[in-house]
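Worksheet: one structure, shown below.
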């Protein structure tokens, strides 16, 4: 188990939180009524020198829950055909159960207390994950019920950009717009962006925190 006093350990960097990068693709903006169609998650790790890196990736196409709204505008935007059998979609329960299981293992292995969602405009992704978990009656949700790390806000501060593609490019991370609005691609790029922002702060001397002056 990791030592929470080790500032180069993941458990020591974010107050015991285990950050997991999430992106969802949906059939609308309402987490209660609109379908969750795709979800990806990237866990993170810290090396011995305290640099944050992407770790494991999980990705699922998701079947719309019974009675879910499918907004035509949203489907046209993300290009998803929920009826396409080649999607290999699974239920919300199966997708989130697999993600939650992997996240709980990561929390334990890294010596953390609880997971926290990292996402671009994080409130959107967080709301869909929480709503789907409730519909699926998944009781052991490892994620904080409201706290998130929002890479849109962090990018606005550090890079002067809030759009994911522009923030990635400003950070020196390639971004292929033709692959955008794929949950898998967006999650991978968001994970790279979050790691870059955290590591850049470390390079600038912002972490570990300077010891408080005595007297």
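Heads up, the Cβ atoms here are built off N, Cα and C, so glycines get one too.
Here the domain 'Exonuclease' (20-194) has a mean pLDDT of 98 out of 100. The domain 'Exonuclease' annotation in Swiss-Prot covers 20-194.
Neighbour list (residue 23 (Mg(2+) 1 binding site), Cβ cut-off 8 Å, at least 6 residues apart, same chain): 39, 40, 119, 120, 125, 183, 184, 186, 187, 190. Marked as Mg(2+) 1 binding site by Swiss-Prot on the basis of sequence analysis: 23.
As annotated by Swiss-Prot, Mg(2+) 2 binding site applies to 23, 25, 181, 186. Other Cβ atoms within 10 Å of the Cβ of residue 25 (Mg(2+) 2 binding site) number 25 in total over all chains.
As annotated by Swiss-Prot, site 'Important for substrate binding and specificity' applies to 29 (among others). Around residue 29 (site 'Important for substrate binding and specificity'), taking its Cβ as the centre, 13 other Cβ atoms fall within 10 Å, counting all chains.
Swiss-Prot lists 77 (among others) with the feature site 'Important for substrate binding and specificity'. Residue 77 (site 'Important for substrate binding and specificity') carries a helical DSSP state (H, G or I). Listed in sequence order, 181 are the same-chain residues at least 6 apart in sequence whose CB falls under 8 Å from the CB of residue 77 (site 'Important for substrate binding and specificity').
The site 'Important for substrate binding and specificity' annotation in Swiss-Prot covers 124 (among others). Over all protein chains present, the Cβ of residue 124 (site 'Important for substrate binding and specificity') has 17 other Cβ atoms lying within 10 Å. Under DSSP, residue 124 (site 'Important for substrate binding and specificity') is assigned to a helix (H, G or I) in the three-state scheme.
Marked as site 'Important for substrate binding and specificity' by Swiss-Prot: 146 (among others). Listed in sequence order, the residues of the same chain lying 6 or more apart from residue 146 (site 'Important for substrate binding and specificity') and placing their CB within less than 8 Å of its CB are 126.
Cβ neighbours within 10 Å of residue 181 (Mg(2+) 2 binding site), excluding its own Cβ and spanning all shown chains: 15. Annotation comment: Swiss-Prot describes 181 as active site, proton donor/acceptor.
Apart from 23, 25, 181, 186, the Mg(2+) 2 site neighbourhood in this chain, defined by C-beta within 8 angstroms of the site C-beta centre, holds 24, 38, 40, 78, 180, 182, 183, 184, 185, 187. In the three-state DSSP scheme, residue 29 (site 'Important for substrate binding and specificity') is classed as coil. Rounded to a whole number, the C-alpha distance linking residue 29 (site 'Important for substrate binding and specificity') with residue 124 (site 'Important for substrate binding and specificity') is 8 angstrom. Secondary structure at residue 181 (Mg(2+) 2 binding site), taken from DSSP and collapsed to helix, strand or coil, is coil. Calculated from their C-alpha atoms, the gap between residue 25 (Mg(2+) 2 binding site) and residue 124 (site 'Important for substrate binding and specificity') amounts to 10 Å.
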